[in-house]
Amino acid sequence: MMISKELLLTYFYLLVYIVLSSGVILYNKWVLSPKYFNFPLPITLTMIHMGFSGLVAFFLIRIFKVVSPVKMTLEIYATCVIPISAFFAASLWFGNTAYLFISVAFIQMLKALMPVATFFMAVICGTDKLRCDVFLNMFLVSIGVVISSYGEIHFNVVGTVYQVTGIFAEALRLVLTQVLLQKKGLTLNPITSLYYIAPCSFVFLFIPWYLLEKPEMEVTQIQFNFWIFFSNALCALALNFSIFLVIGRTGAVTIRVAGVLKDWILIALSTLIFPESTITTLNITGYAIALCGVVMYNYLKIKDVRASQLPVDTMLDRTAKELKMEKKSSHLYLPDDNADLGGNSTKNGSSDPMVDEEAPLIPSTRISHLGRSNLSS
């Protein structure tokens with residue numbers, strides 16, 4: 001059986017995403033760690049990423065006209081872009097700072113808390129409801145992370161707090177993106193996102209950099225290698241584009257599965273590249289429990305999405321069939337509410353008792369949302 005070129009290209013994009021995602025994390029750890037490149041300035045590194053990404057996005061939009069900028073008003077920028085950029089900057093700052101204190105493997109295990117943080121932030125912001133089945137999954141994830149943390153040999157409270165804080169900042173950013181941008185009807189692809197958000201995040205990062213890292217840079221001799229930081233920023237930029245390519249060809253479900261596979265690969269690679277990343281049996285057991293909760297959570301979310309799409313598809317098919325029936329039998333008229341074409345009776349007088357029940361479930365906004373699901377997922 002021959003594999004189509006489209007399928008091979010999709011697998012290639014998935015492979016590129018996994019390689020780049022793992023590579024950026026390992027590269028950041030190597031640059032920041034005092035044992036290796038010894039550049040213990042996570043805010044500076046993050047600012048380099050934001051400055052480089054914003055500059056590339058500017059050239060792609062304004063100079064080369066690869067994509068067109070969206071209609072951005074001062075109100076949208078002040079109420080949407082600024083708060084999203086603030087939490088984006090905070091998540092990157094705290095997440096990169098954690099590399100100074102804890103191992104890459106343990107960081108990936110802590111990242112299993114992301115669905116928990118996102119769910120509770122969504123409930124607080126009113127975009128999701130507190131459900132028993134989802135709550136039990138979140139509890140299972142939390143238990144798994146606690147077990148994994150208990151089994152960590154080089155457990156560090158400061159690094160763990162930084163990482164968990166970064167996770168909740170990223171969760172709040174995701175929820176704010178849904179609440180603020182989607183309500184404005186604004187859709188940003190990776191290039192336009194970097195164009196608007198990267199410069200604003202750079203400004204937010206400048207404040208803690210000036211207070212925390214600038215004095216250290218003045219008194220400590222810091223080595224700076226242009227090609228190291230250029231290649232590091234280039235990898236981070238390429239990762240953003242690879243995510244866009246994968247989602248555009250497969251959807252959010254596939255990238256979630258690829259993310260789980262990437263986490264396991266990254267945990268294994270980190271133990272080989274960084275000898276201090278020791279993994280215990282309790283680590284793996286706890287992470288496996290947390291991963292079961294994450295997989296069940298993803299299953300529930302996918303099930304909810306399919307359930308919301310099913311009435312639309314069913315109704316559209318049924319409407320098409322009814323139009324064909326009207327063309328074939330437009331001369332028939334049955335005034336009797338208790339009779340149908342087949343001589344059977346129904347409670348609501350319709351030949352299909354489900355039509356009246358499903359009709360209210362199909363607002364026009366839901367149909368338009370399905371058309372842009374790949375961009376907003």
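Glycine is no exception: its Cβ is also placed from the backbone N, Cα and C atoms.
Just so you know, TrEMBL annotations are computer predictions that nobody has curated.
Some features that TrEMBL has for this protein:
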type	residues	note
TRANSMEM	7-27	transmembrane segment
DOMAIN	12-298	domain 'Sugar phosphate transporter'
TRANSMEM	39-64	transmembrane segment
TRANSMEM	76-94	transmembrane segment
TRANSMEM	100-122	transmembrane segment
TRANSMEM	134-155	transmembrane segment
TRANSMEM	161-181	transmembrane segment
TRANSMEM	193-212	transmembrane segment
TRANSMEM	224-246	transmembrane segment
TRANSMEM	253-274	transmembrane segment
TRANSMEM	280-300	transmembrane segment
REGION	333-377	region 'Disordered'
COMPBIAS	365-377	compositional bias 'Polar residues'
Checklist entry - Would the transmembrane segment (100-122) count as touching the transmembrane segment (161-181), if touching means at least three Cβ pairs under 8 Å and pairs must be 6 or more apart in sequence? => result yes
Next on the checklist: Using a threshold of three or more Cβ pairs below 8 Å, and leaving out pairs closer than 6 in sequence, do the transmembrane segment (161-181) and the transmembrane segment (39-64) count as in contact?
Outcome noted: no
Next on the checklist: Using Cβ atoms and a strict cutoff of less than 8 Å, what residues sit near the transmembrane segment (193-212) while being 6 or more residues removed from its termini?
Outcome noted: 43-44, 46-47, 50-51, 53-54, 56-58, 60-61, 69, 72, 77, 81-82, 84-86, 88-90, 92-93, 237, 240
Checklist entry - Along the domain 'Sugar phosphate transporter' (12-298), what average pLDDT does this model show? => result 90
Checklist entry - Looking at 76-94, 224-246, 253-274, which one has the highest count of Cβ pairs under 8 angstroms to the transmembrane segment (161-181)? => result 76-94
Checklist outcome for this item: Given the transmembrane segment (253-274), its same-chain partners at Cβ distance under 8 Å and 6+ residues beyond its ends are 14, 17-18, 21-22, 25-26, 29-30, 33, 103-105, 108-109, 111, 243, 246-247, 287, 291, 294-295, 298, 302
Checklist outcome for this item: Beyond a gap of at least 6 residues from its ends, the CB atoms lying under 8 Å from the transmembrane segment (76-94) belong to 42-43, 46, 49-50, 162-163, 165-167, 169-170, 172-173, 176-177, 180-181, 184, 186, 196-197, 200-202, 204-205, 208
